């Protein structure tokens, strides 16, 4: 029984000579990995992993596969849809596709964790230390960090873009392709630096990603070096918290400004109308992101205050709360948007037309463009007969039979 002893320099060779040792009582579950030949070790779980399994809870073992599948499929689906459908704002679509790529990395991370959980099922303690020290654990932990940081930075960039466009509409200049590509590149490079710097200097960071079985550096316990602890605080309570506050302030200022200027000039209202509908969609995206990050901020603050945090809470945060945002984003980006519903109705209408008319009858195939200003809550009319999203007198058909919008004359003749 050495459960009252903190062993900072613990190694396997300390216990290998004790061939007949059958029971051992440590202060921390992580120490059990240094005595894999011992039949019974206490404590037998840290809330994330157990003596037998990498994921101690059966719900987590199932959920890690479900969220991984939903996240990967959903984000790949959004990327494919955005690539297939012509967008009114190509730069905006490029930013969303970049965000989907970041979210997809979270699905890959969960898939790898689930695969190693299956591989070590029933005998995890024999492989615990080698797994947490392995290159696979370091890389998969880096992918999770890369996904979270790029996602936070992209949401901050998109939020600031909408904030400037709505609050300062007449001074706002639409970013060009070069500017957007440069910004996205800088965000990804910064994400790579944040995620992979701990792998470069082992003396400073030690085993930054290998403090638990899921390889995510939440560091709810004070097990890291002083340098790693400072780095973790700078990322989670520095960069991420500042980004979160910027997002909250920006949306609060946007909606206050919209309400305050709602009765002003018609020109101003028309200018911000499209941007407001986009802002509403991003509000729900940011809301889900906030619900994911607030528990992490709280856990990190409690950790700095040396408050003992049950490992089961950390496991639910890492496996359940953190990735759920990546799984929900495709629903907010595509499945609830009017273009997606319009496309489904279009396919269904063409199917009915093929059954109702002869082969000589031309099928109605409207031109389809992803209009970002369409509000989320707006519903699409049933296409039992050809209907249009605008006045039919404002449309014409080109040589290929597709619909084109005609210019509209305003009251001043322009």
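Backbone N, Cα and C atoms are what each Cβ position is placed from, and that goes for glycine too.
The stretch that TrEMBL tags with transmembrane segment, taken from the ranges 256-281, 282-307, 360-385, is 282-307.
Residue ranges 37-59, 313-335 are listed, and TrEMBL annotates 313-335 among them as transmembrane segment. Looking at 7-28, 139-160, the range tied to transmembrane segment in TrEMBL is 139-160. Here the transmembrane segment (62-84) has Cβ contacts under 8 Å with residues 55, 93, 96-97, 100-101, 103-104, 106-108, 110-111, 113-114, 117, 319-320, 323-324, 326-327, 329-331, 333-334, 340, 370 of the same chain, all six or more residues outside its ends. Per-residue pLDDT, averaged over the domain 'G-protein coupled receptors family 1 profile' (74-333), rounds to 81.
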